[in-house]
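Student: First the structure, which I've put down as structure tokens, then a few questions once you've had a look.
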């Protein structure tokens, strides 16, 4: 007997059983991070209202904030037009989404002309990662 929710049938997972998941601040619209979800992570996120991802490096569920305390409360889940990307509109507890101690993982901007361009860090570290991940 299949206990998977009916809405899950519309979600298109890749050949590894994963789907990219974009976390966006529900109030400001700022993109915080991109991670991956499998069926179990998506189902748990929908059931609990807390962001759960699949860690490809650790090969296990990653409950955002389980080590750092920077959990994500999910206000809304959206599925893109092709069904192959999830958008989570979240409240980022502690204001830090990135393991580098920044608000967003997108803290570098490409500046300069194409042949002379370089990535420039534009967002500050809000908290030393050494203090976050003790």
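Using N, Cα and C of the backbone, Cβ positions are placed for all residues, glycine too.
Pasting the relevant annotations from Swiss-Prot:
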- 80, 82, 84: Mg(2+) binding site (BINDING)
- 81, 98, 105: Zn(2+) binding site (BINDING)
Student: For the C-alpha pair, I'd like the distance in angstrom between residue 82 (Mg(2+) binding site) and residue 105 (Zn(2+) binding site), rounded off.
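Tutor: With distance taken Cα to Cα, residue 105 (Zn(2+) binding site) is 25 Å from residue 82 (Mg(2+) binding site).
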Student: Please report the number of other Cβ atoms within 10 Å of the Cβ of residue 81 (Zn(2+) binding site).
Tutor: 6
Student: Do me a favour and check the Cα-Cα span between residue 84 (Mg(2+) binding site) and residue 105 (Zn(2+) binding site); whole Å is fine.
Tutor: 21
Student: Among the binding-site residues 80, 82, 84, whose Cβ has the fewest other Cβ atoms within 10 Å?
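Tutor: Minimum Cβ neighbour count within 10 Å, taken over the binding-site residues 80, 82, 84, occurs at 82.
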Student: Neighbours of the Mg(2+) site 80, 82, 84: Cβ within 8 Å of the Cβ centroid, same chain, sequence order.
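Tutor: Once 80, 82, 84 are set aside, the remaining close residues are 12, 79, 81, 83, 85.
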